[in-house]
Every structure is written in C-alpha cells, then in structure tokens.
C-alpha cells in the first residue's frame, strides 16, 4: 500500500478530489456544454441559426427533457474528470521532479512550472480525449437522437463503427491548444501560493484552506477566461450533430471552418457561449478539487512517512 501511494500520491489525490467536486457540480458542466454546442438548430441547417441563453436553456431542458437531464453524462463526466486530474497531476509532479533534478534546485520558477504544466496537459489530452468526446456527445444528445449513446463503452463502440478509431480523437487539436490553459493555471497557482508562503513565513504545505481557495480561484479564472474560445471550438468539432446531416451536408469542416462560421453567424460573443455556467462550475470545482488534493496528499504523505 505504501509503495503504491509513494509512487502515485499526486495522481491518486487529484483523482479523488476531482471525483467528489465533479459529482456536486455536474449541472453547471451540462449547461456549459449545451450552450457551447448551441448556435444551429438540430440537423445542422445553417439557415436556422438562433441564439439561446442560460435561462432559456434551463427552461427548455426542464420542459422537454426533465430535471434528470442535467445529470445526463454524469458518469463519463466524473470518470473523465477524475482520470484527467489524476493523470495531469501525476505527470505534472513527475516533470517538476525531472527539472528539479536537472537544475539541482528545490524550487522551480514560474516559467518552469508553466512548461511542466503544458507538458502534463499534452500527455493527459492523448490519454483522455476519447472519454471527453463521449462525455460531450452524451450531454449534447437528446432523446431520439441518431446514434444515441447509452454509456461510455456504447459511445466508444458506435464512434469507432461510424467514424473509425480516429473519430475518438476529434477535437484533439484545439485540446492541444488548451494545454496552455494548464500552463497558465498551474504556474499562476504556484506563483500565488509562493506569494502567500513568502509573506506569511509558512511553508507551501502549511497554507490554510482560504489561501488555497484564493490561489486556485484566481488561477482558474485567468486560464478559463483567456482560453475559453478554444473550448467552444473543440465542443463544436466534437458535437455528434456535426457529422453529415440528413442532407449530407457537414456543419463544420475542420477547425478553421468552425472559427470562420462562428465569427460570421454569431460574432465574437459566439466564442464565449456558456462562459457564465462554465465560470460557476470550474472555479468552485477547481477550488474544491485542489483543496481536497492538498489535504489528501498531506494524509497520504503522513501514511507513507509514519
């Protein structure tokens, strides 16, 4: 047990913290995905563009699909988030240790943290993209949708059958752009933590819950706001409805086409669809995840060193 924990403290701590946080905040993730994927009417008719907001989306879901729909895709969301955070933090700490050993230092600077975070994010993308793709499609589908997914494995099976193995990696390019999200978030998080530590005289491991909450909230807000448009582009590419419709016309043909059509039909604001529910979800989610991560990591380290 101690051997396993000693080699997976960060990954296991992040996985557990993310699982708890994601389960409580699932409805906000559902709304974010619905709003990011909105813009064109069902069937991909470019002449039926319409704008929808948070309130209208909530009303439509409650009226036509029921309250349970807010938790549709919760299983893949929880699984995806847990694996993503666990994988990310495991490799983030691993890359940090590599640089510390290379430079023979105990504390890395902000740029080093940025590089480690981007590297960890890229590694995590290739491992988890198929799961996030199925999660996204399950949240965008409605009862009666073509190729309706009943679960993660059913979604993977149908995706491979219809689109081939490469279909599981739709949206991977904008996902790789989003590796800078992890870079901005974690370098900011580490910098703010170091600021609190320097001004209070406490060690980084001794920071209290409020300091961790502030550091995680600010860092997540910065990263999310700056790079949010890439999330919208990724969601549009992954949306199952963007496969040829009944008229055999594709809504989007690649990343450049998505960007062009969003600008043409929705304007700049189209790149920020779902930002409000996303902010309401990701900031508390990240704060809770990192709070639990830090506390669980302390507990695991105590067990290992006991």
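A Cβ is built for glycine as well, from the same backbone N, Cα and C atoms used for every other residue.
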Response to the item:
transmembrane segment per Swiss-Prot, picked from 114-134, 135-155, 240-260, is residues 114-134
Fill in: Recorded membrane side (Swiss-Prot) equal for residue 200 and residue 276
no
Discussion item. Give me the DSSP three-state residue breakdown of the topological domain 'Mitochondrial intermembrane' (185-211), ordered helix, strand, coil.
Written reply: 22 helix, 0 strand, 5 coil
Discussion item. Which residues of the chain, 6 or more past the ends of the transmembrane segment (73-89), have a CB below 8 A from one of its CBs?
Written reply: 10-19, 21-23, 26, 29-30, 33, 120-121, 123-124, 127-128, 131-132, 134-135, 138-139, 151-152, 155, 182, 289, 293
